[in-house]
Amino acid sequence: MAEVLPKLGRDIALEVKILKYEMVDNAPDASGLAKGLEALKARVSLAKSGQHVEYLLQVRRDGSTWTLRRRFQQVSLMHESLRRHVASLPELPAKSVVRQFSSDYLESRKNALAAYLNQLAERRDVLNAAAAQDFFGLLEREPSLQMRSRCDPFLAAEVQEVTFGITSFVTDPSRGLLLLGASDCNWVSKLDTKITNIKLPWEPSAPELPSSQMTLWKELAPGSQSYQVQFCCRFGPALSSVALVKGDGACALCGLSDGSVGVQKLSAPGGVSRGATLPLLKHTAAVSALAVDEKERWLFSASKDNAVKVYDLVRQMVQCETHAPTPVTTMLFDEAQRRLFTGLQSGVIIVWDTSILPLKVMCSIPDTTQALSRITGMDYEAGSGTLFSSGKDMLGVWKLKSASSGSWGRSVGSISAQNVCTGVAWAASSRELLVSLATGAIVAFALADGTAGPSYSWQAHEDEITHMQWDDAQRCLITASKDKKLRIWHFFAPGRPEPSPIATAVISTAPSLLPARRGAASQMEGVPVRQTPTVSPPSATPSYSYPASHGPVTVPVAAPVAAPGCQGDDSEDDLTGWDR
């Protein structure tokens, strides 16, 4: 059995007690009407001044003891900060609008706060958060906690998109390729693009501004984690997922909101282009997920119309089509066992057998009609047959079993979450379940002896995390977010040199996209734009305009000839020849 690597974060043990509470009056001296106003403010909890209660805390750690004075307001601020970083928190005693100072009320409030703080002191993920360490005075007494330890994740590299938020990505470490799918995540910007794309009567065609793009990056040198853009395909519909086909006929694929699948060969010349779509593959609703079978050269596409299609990439035709009970939200393919996992909007996971066509349902997890939250992410460990799933407010662990009579899934455990979970990844080497949140944080749950508990959390992005992928061999985690950034995190691994305290991430930035609205063509600075020649407005010598990278080229074009019986001036006064 392989050695289990250490968990993320530090092991911190605390004992917290509330010794007593004291009434504090910091109201300024006043008289007359001002004195009455101060007395009123002393009763309003939102006021910063006036009479209030302070609690005397006793904190014990490793034989050392110290006392702290804290107000309820400080406890509330810590609670709000922790809510963004952890999956769930114990309930904080309610804050009263009007301050009450009766002895019975204050005693009950003291006991409720003591129970709340004791629950926090038992949580490893909470004590590894900077907000809790500052509240309990740990940062002041142990300055080493402010330094990164070897068990903390290290941000090794960052890839920045400059136009749209990243919705999906795929990596090919053997070739150093990184495929990013990005889409406009701002509803104001999406509305502006739709309005701008409306064709006006005096325009020859609609502007067709893109709302998504698929970008291929390549690592400059093996192990450098510095990437450069190879090409960029832009699409009008929104983009939900991407897939990478390797080997002969290698290409990049992306699912679009108009029901089609965008495609671009990896051998295509560099630059910016309008993306093409696969022939004979069209859904009646937006494509929600993609998966590729490299051995059979099949593409699995799922849509919001409940359809799951199998497309032959060599013959370029649909092999079969089946339907799920509800729309598919995410998809995972295990090539070794020929299993296709589809997570549904209803919270059910359907396992399909892809060894024969048409697809055959192996089992549904869970086998119940109870309404559940939609599946947002999945990960599968083929060796043990363990499936991990994340829902809107629930994490599930399942064991898949097969017999001659059929297959089924058995629930091993579940974890409730207060924050919205957007993805899940299983780190087998350290037996940790990594969960991404809509707040941009990542929470690690330690699985040991049949129990699971949150052990560490950190703020990985500034916005919602849309996709993440774990590489257990390299001990690294790749995350993507709506904040237009993809980040590569290194975890502790034997034999890997520890980064220096002043080490920073390697940043790769896409060429900036020039803003373009009606009447202007968009292009990326420093990257040639591939486009068809466009006819310039009529002039004395009509010509075709080419990209600046090709140099000035002028091709004479014959002037249009008016039809017989028609005058050059098409005013309303002269309608001769209108029927011709």
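We number each residue from 1, going along the chain as drawn.
Placed from the backbone N, Cα and C atoms, the Cβ positions cover glycine too.
Pulled from TrEMBL, these are the features on record:
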- 541-564: compositional bias 'Low complexity' (COMPBIAS)
- 569-580: compositional bias 'Acidic residues' (COMPBIAS)
- 33-143: domain 'PX' (DOMAIN)
- 517-580: region 'Disordered' (REGION)
- 280-313: repeat 'WD' (REPEAT)
- 458-489: repeat 'WD' (REPEAT)
Task: Average the per-residue pLDDT over the domain 'PX' (33-143) and send me the rounded value.
output: 83
Query: the repeat 'WD' (458-489): which same-chain residues, six or more beyond its ends, come within Cβ distance under 8 Å?
result: 5, 84-85, 152-169, 171, 173, 178, 180, 182, 185, 225, 377, 379, 422-423, 425-429, 434, 436-442, 496, 505
- prompt: How many of the residues that make up the repeat 'WD' (280-313) does DSSP mark as helix, as strand and as coil?
  reply: 0 helix, 19 strand, 15 coil
Message: For a three-state summary based on DSSP, what are the helix, strand and coil counts in the repeat 'WD' (458-489)?
response: 0 helix, 20 strand, 12 coil
